[in-house]
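Trainee: One structure coming up, written as structure tokens, with questions to follow.
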């Protein structure tokens, strides 16, 4: 370990590591409840391209887990496996196991639509439907057969409040959602995802296209939501991973190099590859 990581306030990528020294008891994976488990997992885009190699990972319940690593390392591919978004790729196949609360996500009898209700996803670019703000949030509920206006009203308000958006849109719920700012659209998409009460929320670089103020609101929202949901976030932003996550996984060339509580991984990584990445030597 170089001298930089032994300073009282070591820095990685220009980041003050005191950001992640929260003054709380160090997290220990053995004390956590497992939500998602990955066992000897391989993913192939086709017969010639293997994107994930022998991944073993436990993601704890109601914590924020960040996936970091250089572009092309497999972090978004792994994220999309959790709700089988990669099923849409012709020729893709998997080996190994991926479990959600001990149930095999890739089991023969799994209803993929139900899985995607349980495991919601928010993408890098906000994708509101060309409908009203209200109907964006109510959409998933209507698909599930909810018709009661009273129930819909209640869930829409609750979801928008949870997404820290209610006060900004409560007087214009009938307006088209595409008229919202980028940051508001992303929070609306999160509200839409949590309206159907998923167990897990997957966030694929949710703030990368947003301005700093909108990014901060998304990060604050992630922190608030982890009391109710297991959250997995892919990010290229090292500072963001440090600020919002409890655990961090570093990936490189399709392999999981290191996983641990965020404070330890950033300040005292076990693997040289991890240290090289977080200190900016490559990536």
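Placed from the backbone N, Cα and C atoms, the Cβ positions cover glycine too.
Below, the features straight out of Swiss-Prot:
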DOMAIN    36-278  domain 'ABC transporter'
BINDING   69, 70, 71, 72, 73, 74, 75, 76  ATP binding site
Trainee: 10 Å Cβ neighbour count around residue 74 (ATP binding site)?
Mentor: 22
Trainee: Which residues, same chain and not among 69, 70, 71, 72, 73, 74, 75, 76, have a CB within 8 angstroms of the centroid of the CB atoms at the recorded ATP site?
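Mentor: Surrounding the site, in chain order, are 77, 251, 252.
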Trainee: Is residue 72 (ATP binding site) helix, strand or coil when read with DSSP?
Mentor: coil
